[in-house]
Amino acid sequence: MMNKNKKLMVMAGGTGGHVFPGLAVAKQLQQQGWQIRWLGTADRMEAELVPKHGIEIDFIQVKGLRGQGLMRLLKAPFQIVNAILQARRHLLTYQPDAVLGMGGYVSGPGGIAAWLLGIPVVLHEQNAVAGLTNQWLAKIARRVFQAFPGAFADASVVGNPVRQDVVQLAAPEQRFATRNGAIRILVMGGSQGARILNQTLPAVMAALGEGYEIRHQAGKNSQQDVAEAYAAAGVESAQVTEFIDDVADAYAWADLLICRSGALTVSEVSAAGVGAIFIPFMHKDRQQALNADHLVACGAAKMIEQPELSVEKLTQMVRELDRAQLLSMAQKARQAAKLDADKVVAQAIIAITE
């Protein structure tokens, strides 16, 4: 059934972990005739990324409050009210049938403004620990979804919306069927890179010696330094890039992924069907470690928390994994995947607006 006159405003920003899942849901609704508009901030990644997907974006001025100085905290109530009023103006102009909050600072004022106008609010929490904004908005939302168990006591667990090119990869047993020779290691630190991975992996690869290939995504402005570190360690064959343009192709190539455990990364690893060693970013609520827990528990991944990371420990962990074990991990990752989160969330939005 087409919904030619229905409109959704997606509220998401700051990081790819919020924006990409929002785009996945938006595409599902566009295929059913919905009009989509975005609410974001002008100085974060959504300002450039969202229009590339053919979606118009409105901006409000809002920043996070954690770790701010006294003057910023004193000004905060006025800034929040101003952001709510800005969001309200955009909502009154666009007149959406529902709003979808995917997290990030922009979701707070946008969600409150929508609620005050009587517009249904739908939330999706990508992490195993709910962000502050979503904790607040969950009290006023019509539907709340979570990617992993534990963020909310009574929200539906649906996984994270994942890009279709990742979902559509061949099954691990097909990819591994003709592989022999060197174990293929993919290192990903996100768009900004992960300094600890950039510092540790050249020495790990040197210690592992022959029998391994590596592709290393080093992040913004780090490619040359990391490439030089590999060369200095005597690892001449390392392929070091700043970004990976085709992530699905990189997952398909890899036998083993070494990476952080941000919400979207964990969901993509599972959807792709790749065995992983997670090195969670240190955070006081252990958010990334908790994101990875379910894949570790089912045998699809291993984890070394950052305070315990050493060249020796990571080298030993990699050395213990042969291709048969990596195939088993990849199969378990794929079996654990929830591949229809975008469809489930889109269907809920349709249902509450009928």
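Keep in mind that glycine also has a Cβ here, set from the backbone N, Cα and C atoms.
It should be emphasised that the depicted structure is a prediction, and the values quoted were computed from it without experimental measurement.
The annotation UDP-N-acetyl-alpha-D-glucosamine binding site is assigned in Swiss-Prot to Thr15, Gly16, Gly17, Asn127, Arg163, Ser191, Ile244, Ala263, Leu264, Thr265, Val266, Ser267, Glu268, Gln288. There are 20 other Cβ atoms within 10 Å of the Cβ belonging to Thr15 (UDP-N-acetyl-alpha-D-glucosamine binding site).
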*Just checking, which of Ile244, Leu264, Val266 (binding-site residues) has the fewest C-beta atoms within 10 Å of its C-beta?*
Ile244
*Translate the DSSP assignment of Leu264 (UDP-N-acetyl-alpha-D-glucosamine binding site) into the three-state scheme.*
helix
